[in-house]
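Below you'll find the structure, written out as structure tokens, and then a few comments.
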Amino acid sequence: MAAQMREPKVVVLGGGSWGTTVASICARRGPTLQWVRSRETADDINENHRNSRYLGNDVVLSDTLRATTDFCEAANTADVVVTGVPSHGFRGVLTELARELRPWVPVVSLVKGLEQGTNMRMSQIVEEVLPGHPAGILAGPNIAREVAEGYAAAAVLAMPDQHLATRLSGLFRTRRFRVYTTDDVVGAEMAGALKNVFAIAVGMGYSLGIALVIARALREMTKLGVAMGGSPDTFPGLAGLGDLIVTCTSQRSRNRHVGEQLGAGKPIDEIIASMNQVAEGVKAASVIMEFGLTMPIAREVDAVINHGSTVEQAYRGLIAEVPGHEVHGSGF
């Protein structure tokens, strides 16, 4: 009788809300280890099956999920790595990982952002720091707390190798969490980074209708994403429009919260200091403008966050745009 293949061990790097949620999902499918920096968080996960700091006391995690603060243990035992650390710490963690990780282990990013200074996507950083390791991204319209509470949701796993993507998608799939696949890594990553900036714009409000901002934001997202090599078919899907809608409308959206606080007149440094999680749109706003395309919504968000503009000035800047062709025009 042939020996049964063992389940691959998933190692999730990062102890935030989405990393923990994905780790708990994976633990229901097979052996999963979560690396966190905080001993308190590790103990909470191991002893109470909770991550109270990021998901509150009501969300109960899989009782088979185990957490560790030992990075070497995590890296040395991984068959699949899932990275949930913020974009500003992503490269540093991968550099540590490169010293310990076995060859060819796939690396799937949960991060929806771009690296400041290089403008690189997370999968590009994986390819640079961990050559030979298949890189992918799990993207889609997911608010961590809602998925952790069991609401039905979906995501797309983007990898160049669709055979591998199909195999790995089963590690994340449950009855209530649907996982599709695509080979458009560029489109999925660009959509994930861009939607955070547009959610800040929605949060700022100032008499701009949500439907108007979302519709025009989708045009800007598609424009830059396609220019970077993404497929136009990706942006009306889960990683694009789906994630854009949920991030712009959910009361649990961190990036929308930043926009609301900006609209209330608070300075960006004060807003960031008051949050215990990262809003990737704050960093992505300046990176997006470096690509040099005409993107009025992103331009005004960047002006408010990084150049001292007010929300009222941002509103006036958008309203001053002359409407042109809905699809081919470059204005708002």
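Each residue, glycine too, has its Cβ placed from N, Cα and C.
Since we're looking at a predicted model, the values are computed, not measured.
The annotation NADPH binding site is assigned in Swiss-Prot to Ser17, Trp18, Arg37, Lys112, Ala144, Arg254, Val278, Glu280 on the grounds of sequence analysis. Residues or ranges marked as sn-glycerol 3-phosphate binding site by Swiss-Prot: Lys112, Gly140, Lys195, Asp243, Ser253, Arg254, Asn255. According to Swiss-Prot, the active site, proton acceptor annotation covers Lys195.
If you take the Cα of Gly140 (sn-glycerol 3-phosphate binding site) and the Cα of Lys112 (NADPH binding site), they are about 10 angstrom apart, rounded to a whole number. For Arg254 (NADPH binding site), the Cβ neighbour count at a 10 Å cut-off comes to 23, with all displayed protein chains included. Mapped onto three states, the DSSP output places Glu280 (NADPH binding site) in helix. Here the CA atom of Ser253 (sn-glycerol 3-phosphate binding site) lies 12 Å from the CA atom of Trp18 (NADPH binding site). In terms of C-alpha distance, the listed binding-site residues Ser17, Lys112, Val278 place Lys112 closest to Asp243 (sn-glycerol 3-phosphate binding site). Taking Cα separation as the measure, Ser17 (NADPH binding site) is nearest to Ser253 of the binding-site residues Lys195, Ser253, Asn255. With the fewest other C-beta atoms within 10 Å around its C-beta, Arg37 stands out among the binding-site residues Arg37, Lys112, Lys195.
Looking only at other Cβ atoms within 10 Å, the busiest spot among the binding-site residues Ala144, Val278 turns out to be Ala144. Following the DSSP three-state reduction, the secondary structure of Asp243 (sn-glycerol 3-phosphate binding site) is helix. The Cβ of Ser253 (sn-glycerol 3-phosphate binding site) lies under 8 Å from the Cβ of Ile143, Ala199, Gly203, Val246, Thr247, each on the same chain and at least six residues away in sequence.
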